[in-house]
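Look at TrEMBL and you will find 1-18 tagged as signal peptide. Here TrEMBL flags 27-36 as compositional bias 'Pro residues'. Positions annotated as region 'Disordered' by TrEMBL: 27-64. If you look up TrEMBL, you'll see 71-306 marked as domain 'Sulfotransferase'. The feature 3'-phosphoadenylyl sulfate binding site is assigned by TrEMBL to Lys80, Gly81, Gly82, Thr83, Arg84, Arg161, Ser169, Lys286, Gly287, Arg288, Thr289, His290. The active site, for sulfotransferase activity annotation in TrEMBL covers Lys80. Under the heading disulfide bond, TrEMBL lists Cys269-Cys281.
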Amino acid sequence: MLFLWLYMFYSCAGSCAGLAARGSPAPPRAAPPLLPGEPGEESSLEEQRAAPDAGSPISSFFNGSGTKRLPQAIIIGVKKGGTRALLEFLRVHPDVRAVGAEPHFFDRNYERGLAWYRDLMPRTLEGQITMEKTPSYFVTKEAPARISSMSKGTKLIVVVRDPVTRAISDYTQTLSKKPDIPTFESLTFKNRTTGLIDTSWSAIQIGIYAKHLENWLLYFPIGQILFVSGERLISDPAGELGRVQDFLGLKRIITDKHFYFNKTKGFPCLKKAEGSSKPHCLGKTKGRTHPDIDQEVVQRLRDFYRPFNMKFYQMTGQDFGWD
C-alpha cells in the first residue's frame, strides 16, 4: 500500500501543478502612471461607494470612462445673492456636472496650478458641461485675468440681488457665527452723524456691482456674462433657469414641474434633487430671519446705492427694479 500511495503522489505532482497553472489567471500588469485629472484616473472614494453594478453605462461612467475637464462655465458671484440655489437647481440637468464645494481657485488657491484645479472637477461625458461656483471671484481683482488666461471662452454667471438686502443678509450670516459683533447700523457708517457710508466694510463694498463689473469687462465681453436676478430666482425659478439653460446652450429640461414653493423658508425647493427621488430644500443656513434694521439706515443705503445701481442697469442692459 505504501508503494502504491507513493506512486500515485509522484504521478499527480507534475500534472496537478500544470492544471493549477493553466487554471490560474495571470497577475495583472501594472498600469502606467497617470497625471492628475487624466481619463482613467481612479474614481474618488465617494464615487466608488456610489458606483452601481458593473455593466451598465452609469457604472462605466463611475469607473472612469468620463474625463475631468476645466470648467466651461463658472458662477462667479455674488455672495448672498442666490448662487447656491442656482447651482443646486442647475445640477438637476443631466448635461451639467458641477463641483459641490467652492474651489476658491482663482482667489485663494491659484498657486496650486491648473492641474490641481482640474483634478477637483467631476468626470464628464462628451456634451456635458463642467461647472463650479465661487461667489468671491466677482470681487477679486485678479480673478478676471486669471480666468481669461485659463480660457477666454469661459461663460460667466453672476447672481445679483438688491444690494441693501444683500448687505443685511451678509451681516445676518456673520452674526450667526459671531453673536458679539457690532450692530449693522454702527458698521454701515464711518461717521453716523455725517452719514458717511463705510465702503471698506465688505458687506457694503460687494454691492457696488458696477465697480466690480468694470474690472471683468477688461477681459470678457458683456455678452459672455449672464446676470441672474436673485429676486426672480425666488419668484420665478423656472423662468430664470430657462435663461441660464439658453445661455449655456442646453436644452430646456428644468421647468416649472421641478419646483414647489416652501412657505416656511420663503423660497422655492426642488421636487427631486440630483440623484434622489425626494424633495430637496437648501439647508438651515439659507433663509435665515434678518434682524430688524433702523429704517433710516436702510434708506441711507438705498440713496447710496442708487447711482451705482443705475450704472449697473446701463452696463448690463437690465433693470433689476431695486429702486
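Backbone N, Cα and C define each Cβ position, glycine as well.
Source: prediction; values computed, not measured.
When the binding-site residues Lys80, Arg84, Ser169, Thr289 are compared by Cα distance to Cys281 (disulfide bond), the shortest distance belongs to Arg84. For the domain 'Sulfotransferase' (71-306), the model gives a mean pLDDT of 93. Of the listed binding-site residues Lys80, Arg84, the Cβ environment within 10 Å is emptiest of other Cβ atoms at Arg84. For the binding-site residues Ser169, Thr289, counting C-beta atoms within 10 A of each C-beta gives the highest total at Ser169. A 10 Å cutoff on Cβ-Cβ distances gives Gly82 (3'-phosphoadenylyl sulfate binding site) a total of 28 other Cβ atoms nearby, all chains included. Between the CA atoms of Gly82 (3'-phosphoadenylyl sulfate binding site) and Cys269 (disulfide bond) there is a gap of 13 Å, rounded to the nearest whole number. When the alpha carbons of Arg84 (3'-phosphoadenylyl sulfate binding site) and Cys269 (disulfide bond) are compared, the span between them is 12 angstrom. Around the Cβ of Cys269 (disulfide bond), 20 further Cβ atoms fall within 10 Å across all displayed protein chains. Taking CA atoms as the reference points, Thr289 (3'-phosphoadenylyl sulfate binding site) and Cys269 (disulfide bond) are 18 Å apart.
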